[in-house]
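Undergrad: Input: one structure, supplied below.
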Amino acid sequence: MQIMDYQFPYCSYPYNFSDKIKFCIGKIVCKTFDVIGIKIYSKITGIYLEPEKISSYNLSDTNHQISNEKNLIYSNIKWLIVGITIIPTIYYGTKLQYIPESKLWYIGTPLVFMNLFNTLSHICQYIQLKLHTDKLKHNIEITNSLENPICILDSIDYDSIISTRKLIWSTTKVNHNYVVYNAFYSDLFFVFDREKMLNDFILEKLSKLSENDIDCLANDPSRNRLVQQMQDEFIRNKLYLLLMQCYRHQYTNSS
C-alpha cells in the first residue's frame, strides 16, 4: 500500500525538536556535499536520485533503496581502503625504484578519489532517503492517530445512547419558574411555578412515558397544545386530589 504524502498543517514534518535537529543536520550535510561537487559527480555517474523520485517512494520502496545504499557505501569504503593501501605501497616502490613514479597517479590516486566520491554520493542519497522515511512514518502516525478515534466512534452504539437520552428528564430553574426538559429533545419542556409540582409531574407522568410516547409527543405538529394539555390535566388532577383530601379531613373532624 502506497503511503501518500499528506500534509497536516498543525503537525507537518519535522514536528518535534529531535526531528528538526535531524532534518537540519541532514540538509546541511547534503548541501555541503553539493558545494564540493558531489551532486554533479553523482549525476554524471548515474548515482543521483531526483527528489521527485524519492518523494514517490512508499515506505517499502524507501527501505529497500536504503538497504541498497548501505551495501554500496560499504562496498565503496572497502575499495577506498584498498586504494589508500595501494598509494603508500606504490610510493615506497618508487623510492626503491621498483615502480615508475608516474604509476602512482595512474593506479592509486584515481581509485581513491573515485571511491571517495562514490561513497559520499551514496551517503548523500542515504540521508535523503532516511529523511523521506522519517516523513512517511510521521504521516503514518498522524493517520493512525486519526483512525483510532474514528474506529472508536464507529463502535459506539448510538441508537442505544439516543434511546437512553430520550428517557432522561433534566430540570433547571429559570427566574422564578421550574423547568423540566428532555435530554434528547431539548425543545420538549414543561414549566411549573412550584418545584414540588414539577417533581411529582416527573415521577407520576414523565417517568412512565415510553420512548415511542416521547417520539410521538416531540414530533407531533400540535406538540405545544399537547404539552399544555398534559400539564393542565396533571395540575387539575392534583388540585382535585388536594380538594378531596381537604374535604375528607373536614368530614372526619366534623364527625
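Glycine is no exception: its Cβ is also placed from the backbone N, Cα and C atoms.
According to Swiss-Prot, the protein has these features:
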| type | residues | note |
| --- | --- | --- |
| CARBOHYD | Asn16 | N-linked glycosylation site |
| CARBOHYD | Asn58 | N-linked glycosylation site |
| TRANSMEM | 72-92 | transmembrane segment |
| TRANSMEM | 104-124 | transmembrane segment |
Undergrad: Fewest other C-beta atoms within 10 angstroms of its own C-beta: which of the glycosylation sites Asn16, Asn58 fits that?
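TA: Looking at the glycosylation sites Asn16, Asn58, the Cβ with the fewest others within 10 Å is that of Asn16.
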Undergrad: How big is the gap, in Å, between the Cα of Asn58 (N-linked glycosylation site) and that of Asn16 (N-linked glycosylation site), rounded to a whole number?
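TA: Their Cα atoms are separated by 22 Å.
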